[in-house]
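First comes the structure, then the notes that go with it.
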Amino acid sequence: MLTKDLSITFCGVKFPNPFCLSSSPVGNCYEMCAKAYDTGWGGVVFKTIGFFIANEVSPRFDHLVKEDTGFIGFKNMEQIAEHPLEENLAALRRLKEDYPDKVLIASIMGENEQQWEELARLVQEAGADMIECNFSCPQMTSHAMGSDVGQSPELVEKYCRAVKRGSTLPMLAKMTPNIGDMCEVALAAKRGGADGIAAINTVKSITNIDLNQKIGMPIVNGKSSISGYSGKAVKPIALRFIQQMRTHPELRDFPISGIGGIETWEDAAEFLLLGAATLQVTTGIMQYGYRIVEDMASGLSHYLADQGFDSLQEMVGLANNNIVPAEDLDRSYIVYPRINLDKCVGCGRCYISCYDGGHQAMEWSEKTRTPHCNTEKCVGCLLCGHVCPVGCIELGEVKFKKGEKEHPVTL
């Protein structure tokens, strides 16, 4: 049971909660989107539609693992919806008729101004609440579409204007992360009439190489291709782009729908605290199913209550004041590790990592199989705490560097 109301108004549209399917295979037809709504998702971004009919490869997925974990990163070679345009429009109409209180976002992609304008008109007539312009799919076979467009501020601005000519609906521009400065493109979208930003789409990648056949994965008749990477591994990239946009003077109040590695309520809270107001998910659903929204909503609701927030909007962007340029960070002190020997299992990983990858400050007793920090050598990097498998190494004593004035420190 939710302890707090998770509704939020985004670009003038009220969402029952911030959790949405992102434009992808998880929202490819009426049946899938209906199940998502029934499970508790607040909105759906229907898989990108256009006049272009995708001819897909098989297989089309790959994944990246770390030791014995589930996959941490996911590669896909899918393009836009493979169904005919009329079939997709019919699905949009039916979804809005059957779920009038849920938010339906139509993702569109054209190859020229005329197509963008016409698609905008068609999805508004079909009942969509919002439009998301996909300027960022990294594996389109047409260079007039996808991330090639999203890297050009001029094209993004031009196509946003075309969409605004075709529709009066709120419109998001979906950003590609395959670019150095996302703010430049976001500003172009704003000039073109976009009401907000969706970020990020997938990262261009090669995930694995088959070492026997010397071919990238997945293998399609002896070949492979660069394509989009998603999942938990891209979350830091997404958070960085969102933070940079929300702290840009001309984008500070520009609404953002956050995408990239969200699969827990903690992930959701991080995106919200950096300035996203709605949240889109694909890879987490592909791995765990639509049901993950139940835990995400419950956890986020309890977090709001614990933190004393009355509404979701109150927490949006709060963390940005605490992210500063590297040159502004306090470099006057060292934090030494504190080792809880009651929890220590004597594995020695802290010692090995510090010796081979740090500053040889962690000493090791073969007799007791316990570590000890030599503060004469320790620089306070806390690598030891990050590699500890049982969490027995914590932040400990704060020591100010020679010549520095002592002052309160927040850890």
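Each residue, glycine too, has its Cβ placed from N, Cα and C.
According to Swiss-Prot, the protein has these features:
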| type | residues | note |
| --- | --- | --- |
| ACT_SITE | C137 | active site, nucleophile |
| BINDING | N76, N134, F135, S136, N201, T202 | substrate binding site |
| BINDING | C344, C347, C350, C388 | [4Fe-4S] cluster 1 binding site |
| BINDING | C354, C378, C381, C384 | [4Fe-4S] cluster 2 binding site |
| DOMAIN | 335-367 | domain '4Fe-4S ferredoxin-type 1' |
| DOMAIN | 369-398 | domain '4Fe-4S ferredoxin-type 2' |
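Recorded features from Swiss-Prot, shown on the structure.
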| residue | record | Cβ within 10 Å |
| --- | --- | --- |
| N76 | substrate binding site | 24 |
| F135 | substrate binding site | 27 |
| S136 | substrate binding site | 29 |
| N201 | substrate binding site | 28 |
| T202 | substrate binding site | 28 |
| C344 | [4Fe-4S] cluster 1 binding site | 18 |
| C347 | [4Fe-4S] cluster 1 binding site | 15 |
| C354 | [4Fe-4S] cluster 2 binding site | 25 |
| C381 | [4Fe-4S] cluster 2 binding site | 16 |
| C388 | [4Fe-4S] cluster 1 binding site | 23 |
Length of the line joining the Cα atoms of C388 ([4Fe-4S] cluster 1 binding site) and C354 ([4Fe-4S] cluster 2 binding site), in Å: 11
Cβ neighbours within the same chain of C350 ([4Fe-4S] cluster 1 binding site) - under 8 Å, at least six residues apart: I339, M362, P371, C384, G385, V387, C388, I393
DSSP three-state assignment for C381 ([4Fe-4S] cluster 2 binding site): coil
Neighbour tally for C384 ([4Fe-4S] cluster 2 binding site), based on other Cβ positions within 10 Å of its Cβ: 23
DSSP-derived helix, strand and coil totals, residue by residue, for the domain '4Fe-4S ferredoxin-type 1' (335-367): 9 helix, 9 strand, 15 coil
C354 ([4Fe-4S] cluster 2 binding site) versus binding-site residues N76, N134, F135 - nearest by Cα: N76
Distance [Cα-Cα, Å, rounded] between C378 ([4Fe-4S] cluster 2 binding site) and C344 ([4Fe-4S] cluster 1 binding site): 20
Alpha-carbon spacing, N76 (substrate binding site) to C344 ([4Fe-4S] cluster 1 binding site), which is rounded to whole Å: 41
C381 ([4Fe-4S] cluster 2 binding site) and C347 ([4Fe-4S] cluster 1 binding site), Cα-Cα, nearest whole angstrom: 20
Cβ-centroid neighbours of [4Fe-4S] cluster 2 site C354, C378, C381, C384, 8 Å, sequence order: P337, C350, S353, G358, H359, A361, M362, C373, V379, G380, L382, L383
Cα separation, C344 ([4Fe-4S] cluster 1 binding site) to S136 (substrate binding site) (Å, whole number): 47
Packing count at C378 ([4Fe-4S] cluster 2 binding site) (other Cβ atoms within 10 Å of its Cβ): 21
Distance [Cα-Cα, Å, rounded] between C381 ([4Fe-4S] cluster 2 binding site) and T202 (substrate binding site): 32
Other CB atoms within 10 A, centred on N134 (substrate binding site): 28
